[in-house]
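Participant: Got a structure here, written out as structure tokens. Questions coming.
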Amino acid sequence: MAALDRVKVLVLGDSGVGKSSLVHLLCHNQVLGNPSWTVGCSVDVRIHDYKEGTPEEKTYYIELWDVGGSVGSATSVKSTRAVFYNLLNGIILVHDLTNKKSSQNLYRWSLEALNRDVAPTGVLVTNGDYDREQFADNQIPLLVIGTKLDQIPEAKRNEVLTRTAFLAEDFNAEEINLDCTNPRYLAAGSSNAVKLSRFFDKVIEKRYFLRDGNQIPGFSERKRFGGGTMKSLHYD
Amino acid sequence: LQILSALSLLQVLFFGFGWLFFMRKLFKDYEVRQYVVQVIFSVTFAFSCTMFELIIFEILGVLNSSSRYFHWKLNLCVILLILVFMVPFYIGYFVVSNIRLLHRQKLLFACVLWLTFMYFFWKLGDPFPILSPKHGILSIEQLISRVGVIGVTLMALLSGFGAVNCPYTYMSYFLRNVTDADILALERRLLQTMDMIVSKKKRIAVAHRTMFQRGEVNNKPTGFWGMIKSVTTSVSGSENLSLIQQEVDALEELSRQLFLETADLHATKERIEYSKTFQGKYFNFLGYFFSIYCVWKIFMATINIVFDRVGKTDPVTRGIEITVNYLGIQFDVKFWSQHISFILVGIIIVSSIRGLLITLTKFFYAISSSKSSNVIVLLLAQIMGMYFVSSVLLIRMSMPLEYRIIITEVLGELQFNFYHRWFDVIFLVSALSSILFLYLAHKQAPEKHMAL
């Protein structure tokens, strides 16, 4: 069992949005009793069944790295944080539904983490400004989670949910809105749990299955060079 | 009437500046939900700046003295009203709103808190010889004297710490030598620790899952055979788990320490690189000057206390005396004394406002969270108001006699000498303890670094 394969997912967001509570909920299915400031980085592990319910089911470890701090930190703190961004396979962006600034800061958080990861596809950044095309090209799966849903009064809920839907679209990611002090939002079978599961499956796929000599990338490359004839040759 | 409108325009300008500062700098990462807080902060800032503006007017001779006097009194009343009544009340109100239990009767508890504040505020006046007995209970002098004590203490604390910290930060003599290899080694240790934490957490997670799958969720053995089984298997399992959990806790603490040390090393490396640039060298040079100035100030404070002496003349008049008497340069004393004191006072005002705002911002970033941001901003507004009021008190010393009159008139018969003495004492105490503190911090850091 200890020889399970592993996948690394970063959990990013402003201070006080509820990352530690979220990670605790995801890993232990329990509510965190006494949340306190995260100094540095805290890691937790979730055991996930890839392709649950199918014959290809396999269990993986998902390491959730919860990096503390704020986006406007000093450069020295940012360089220290950068050490955790190596070899990452997925990012969960957490924002507070009651605080618009935390949602806006997600753009800067994602740029900070993606800049560090010099993947072959190369996320080109011109001057640090947000550019939607970067995210379309991005190979690392993202998930946007909004917390403190219970603190939004019913009347304002629609407005807030529309705003977060735009946000998730910008990142080309799925979104989940919940309250970290209530496990029922991630109860098995709920739509949130399905989205979460799909996200983790996508992360695992990108990490393990697109490198296995899968035909698909090569196929599209050939398509770029050749034309219809090459395609038919391949099939023959 | 024209002048009145000009004055109000200036006030609106100050208000706008305070508003912008609040939005751009302080509340950069938070959403402003209670606009009251922002308004109060800007209003406090605006009225404090108006006081400084009135001092400048005094020196420059703008308006006639009776209207200046009137404006002084008005401004003072408003500021005292804000500092003693409004801000503490709102602080109490927001503190109470954060506590969920007292949600129902917010106003009542806020009033209770405010009354407690007033009680302690009043009691503050007793141990200090700041009042002559001929004033009534509810006069301006009573309030100002107490506000002055608190403000002067704050000013002296900040000055003392600043006087010592400034040369320490500017001079590169104190920078420890940090190489890239050091940083890499530390980062490697940090990542290794994180890997160890991860592997231990994996074991715990796997154990939990196996227990869950075997149906031993509650881990409570039932029945006779259950108890026998639990003795041999589960007990050792759960003991193992708690042991691993303890190891994980210890490792997590270690990882936090390593993270902080790495951040510290990165910061030091940045400072070393900065000190090699032009700006860095310039600041280094300034640092030497500042350290001499600070040593001189500490020395003067000690002399003032030991010899029980309070300076009688201000630097401007003394400077002019020296140049006229010893250097024999003749010039129009009146004209120059006005201009020089204007420049000097202007510099003091601007640098103290700027210094205070920067310190407050740093403080705010360090300790605020999304819950307490409102309370902390109001506390900062209170501190700022008291600071500015007492700097008016102390600035009196730096101005020539003819300009001092109005401050003496407006603020009533306060024992100004006491405030200067008190400032010197607290300044000395603060400077000496900062030296001690910085010395310990400096000594401790390389030892920790060596121990790796």
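Backbone N, Cα and C atoms are what each Cβ position is placed from, and that goes for glycine too.
All annotation found in TrEMBL is predicted automatically rather than curated by experts.
TrEMBL lists B:6-23, B:35-60, B:72-95, B:107-124, B:144-166, B:285-307, B:340-365, B:377-399, B:419-440 with the feature transmembrane segment. What TrEMBL lists as domain 'Golgi pH regulator conserved' is B:139-204. The feature domain 'Abscisic acid G-protein coupled receptor-like' is assigned by TrEMBL to B:274-443.
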Participant: Are the transmembrane segment (B:72-95) and the transmembrane segment (B:6-23) close enough to be called in contact, which here means at least 3 C-beta pairs under 8 A that are separated by 6 or more residues?
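Facilitator: They are not in contact.
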Participant: With Cβ-Cβ distances below 8 Å as the criterion, list the same-chain residues six or more beyond the ends of the transmembrane segment (B:419-440) that contact it, or say none.
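Facilitator: Sequence-distant neighbours of the transmembrane segment (B:419-440): 128, 130, 148-149, 152-153, 155-161, 163-165, 168, 294, 297-298, 301-302, 304-305, 310-311, 390, 393-394, 397.
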Participant: Can you name the far-off residues of the same chain, 6+ from the ends of the transmembrane segment (B:35-60), with a Cβ under 8 Å from a Cβ of it?
Facilitator: 10-12, 14-19, 21-23, 26-27, 68, 71-72, 75-76, 78-79, 82-83, 86-87, 90, 94, 338, 341-342, 345-346, 349, 353, 374, 377-378, 380-382, 384-385, 388-389, 392, 395, 399, 403, 406-407
Participant: Where among B:6-23, B:107-124, B:144-166, B:285-307 do we find the most Cβ pairs under 8 Å to the transmembrane segment (B:377-399)?
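Facilitator: Counting Cβ pairs under 8 Å, the winner is B:144-166.
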Participant: Sort out the residues at least 6 away from either end of the transmembrane segment (B:107-124), same chain, that have Cβ-Cβ distances under 8 Å to it, and list them.
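Facilitator: For the transmembrane segment (B:107-124), the nonlocal Cβ contacts are 84, 88-89, 91-93, 95-96, 146, 149-150.
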Participant: By DSSP, what is the split of the domain 'Golgi pH regulator conserved' (B:139-204) into helix, strand and coil residues?
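Facilitator: Split by secondary structure, the domain 'Golgi pH regulator conserved' (B:139-204) comes out as 59 helix, 0 strand, 7 coil.
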Participant: What residues in the same chain, six or more past the boundaries of the transmembrane segment (B:285-307), come closer than 8 Å to it by Cβ-Cβ distance?
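Facilitator: Distant Cβ neighbours of the transmembrane segment (B:285-307) are 163-164, 166-167, 169-171, 420-421, 424-425, 427-428, 431-432.
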